[in-house]
């Protein structure tokens, strides 16, 4: 990563400053208060925005960044990551307006906006957040002790080295272990529950199987007996069906016997009927023969009346044909005469009708001629009236056209002026349409503006509601912050009280304060306890040795006291006298007294040391409790307070943004209302314009109507004149028709007289024809009567023949009936014989009743076995259900055991993985610590020139309270003792911090695989603070060492110009004392005549602009 360009507008002491940062070491120097640190704040703010106020020891608000007298400050930072350039633009307001930010780059698909999103994206690109940046590559002024004193040093370093990823994996694995444990415990609990359910069963699966098998055998036995009963029932039912069939057959035979008797009677009756038929037919034949004789006599009498031969039926038929022909001929003559008479009458009637119609037509024509003459007079009156009306219309048209058309006199108006009027009307209509369109557009635009105004007012209402909610939340947050501050102050007081109540022990050699608690717990107290424990051990050894010595003296005394005269001395082995024994006893008693005195002293010292160790342990417990209170309670309150402050900051930003949005919305509402007001005025003007246009168009249309009226009047006059000519023509035509009608009437009178004479002649001819027809018709009637007699004779002869055939048929039927009777009588006898073979109805019914009783008994037996089988099946089903439930329960138990074993295996695997994670982290820590120690001491050795410390040691130590391994920093003295850096001077601590920062920075670079391009710049803000003159000069060597590490950019801010010898470029910062405006100028280091530029050409000028108050 490389810082390319920074621009500050109204940031602290800068007015408008832009500066480009080249590669290599750049020294930013100037007098105190010139604005050097503000440049670094611009770089940090350009990367991490508002986090600048909460990182490290910073204590200011965003309002402090804005130049005095200005409302807005702007930071623009261009930086490069992986060859792609990114630009952040951060705008800060000291008003209620919220801050805004935007990140742009060709590498991004679209700009990133919003403070949080921009900060998160930059952190992802840079590879570290604001805290990591401030803890590693950005050494801020006054924070030389940050990594030395920071309680979160381990977390910070692990985060920079990427070891926190292992912690995240470890935490996830612990969660997996807990999940596996929950699964294991849950399945164990379910398994125990299932086992308790299984214990309630009184048999196992095998017992269930045997019981089910026994029930199956019983079911088969019951079903077999039921089947046997069913088979016997089938036999009984079959026997019953046979008996019922026999009974039914017996009944059928009775009915058949009755039916045969009835059939015999019916056939005998039919035979009697046929005999009666023969007798009746014989009587009919005799009657018919008598009638034939009578009719033949009548025929002979009638034959004398006609001139034709009628002796036989055939001659009578021939005579009828001849009479018919004659009659036809006479009828035709009569018809012709009648037709001619009718025709003459019709002609006369037609002539009468035509005469009447012609006379009537003549009268109508005379009336019509009179009417036409009256109509002609009326038309003449209408013509006069139409001429007057036309002249009136012409005069009206002249006046209106003369008024409508400019420069036109009424007397000059004619039909040709119509086109001019139409053109002017069309022009006026176009103006009216334009006015209407403009009015419609204005109204439509007003409706849109009205809708936009409603939406803007609704949005303003929503924003005001949101602003009220935010204000309410900010008020409640302020109360919560004050409450949390009070709680934090109370916790601090509680911690101070706890520390004040601590009872220090002798030899601690340190004051117990909130700042020294960790040192007292981890160093002072353990060292003192080790000292007291060693002393206690020595004291215990001394007491034990003195007790042994005293016991030895006591044993020797007892032995000497037991010696008698001539005894052997236990010391020298010689025979001793009594005096020698006494002397030895005295010496032993003196020695025992001395030992006892020394033993008492040693025991007092031992007890005192034991009390000291107990006191140290008690004090350590109290110190640990105080530290726990500080880390738990105080940190909890501090974290809660920080969270509340962050939320307050976010709400302040959102309040500012919402307020801006409200103001923008109100401005938008005012703008829209103004536009609506303007539109209303315009609509009023357009409505007036449209009304005038419509009035002009209406006047033009009225003028055009006068042309139409004149045309109509002229057309009406022409029509009336045409009507008069037509009427005169009609009168002439009617006169001609009257003359023709009179001539036709004279001709019709003559023709009618001739027609009457023709009718009389044809009436005479018709009378003669009628008389001849009547004579012929009489002859035909006689012939027809004779033929009818012959027909009657034929009918009687037919009757005789038919009756003769009936007699023959009846005789044949009687023979058939005789045969049927013989057959029926035979069948009747057979039925009688079969009835004689049956036992009778009562016997059969008795057998059926007995069979029904046996069937009922067997059905009861079958139902008994069926019921037993069903009951046994129900019992078997119940046992099968219980067995299946037991099987499922066993399967669930097996499944739970399997899941329990699986989860237990997973739990063990996670334990193994956790151990592996810890081992890997420990190995990486060990490896990284070796590099950090090497790189740190490389820098430390080059810049630290005192003899007090030989090197810096960064070690991994066990934190008993947290059960973790933390990083401890110690300074190694020449005598091999280790010293806490807090006990070193401020300058020494600054050197240790710089060396440690540089060492961590180099390790991070090495972890990148040798690619230094991704490293952020190494920034030192006033590194000479706390350094003496000798060590200030050594910083140049440190800068050259960093340059040897291929660090892309190093930016050093210092008021000390001696560091310029280790720099490639210098950025001189000055402040105008009059305007309080800072100005930065980049140039090649050590060359006052050169102004340096960008990374591509350090010889060119790259800085322009100025600033303001610092």
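Quick reminder: no glycine exception, Cβ is built from N, Cα and C everywhere.
As annotated by TrEMBL, Zn(2+) binding site applies to 569, 572.
Under the heading coiled coil, TrEMBL lists 536-927. Looking only at the coiled coil (536-927), the predicted model's pLDDT averages out at 81.
Within its own chain, the compositional bias 'Basic and acidic residues' (182-201) is flanked in space by residues 882, 886, 889-890, 892-893, 896-897, 899-900, 903-904, 906-907, which lie at least six positions past its ends and keep a Cβ under 8 Å from the stretch. Taken from TrEMBL, the feature compositional bias 'Basic and acidic residues' covers 182-201 (among others).
Taken residue by residue, the compositional bias 'Basic and acidic residues' (331-357) breaks down under DSSP into 27 helix, 0 strand, 0 coil. Here TrEMBL flags 331-357 (among others) as compositional bias 'Basic and acidic residues'.
Taken from TrEMBL, the feature compositional bias 'Basic and acidic residues' applies to 444-465 (among others). For the compositional bias 'Basic and acidic residues' (444-465), same-chain residues at least 6 beyond its ends with a Cβ under 8 Å from one of its own Cβ atoms are 658, 661-662, 665-666, 668-669, 672-673, 675-676, 679-680, 683.
Note on the compositional bias 'Basic and acidic residues' (1070-1086): DSSP counts are 0 helix, 11 strand, 6 coil. The annotation compositional bias 'Basic and acidic residues' is assigned in TrEMBL to 1070-1086 (among others).
What TrEMBL lists as domain 'Zinc-hook' is 522-621.
Residues or ranges marked as region 'Disordered' by TrEMBL: 177-202 (among others).
According to TrEMBL, the feature region 'Disordered' maps to 330-357 (among others). Listed as Cβ neighbours of the region 'Disordered' (330-357) (distance under 8 Å, sequence separation of 6 or more from its ends, same chain) are residues 744-745, 748-749, 751-752, 755-756, 758-759, 762-763, 765-766, 768-770, 772-773, 776.
Only residues 6 or more beyond the boundaries of the region 'Disordered' (386-416), in the same chain, are considered here, and those with a CB under 8 A from a CB of the stretch are 424, 699-700, 702-703, 706-707, 709-710, 713-714, 716-717, 720. The region 'Disordered' annotation in TrEMBL covers 386-416 (among others).
Summarising the annotation, TrEMBL assigns region 'Disordered' to 429-465 (among others).
Residues or ranges marked as region 'Disordered' in TrEMBL: 1070-1110 (among others).
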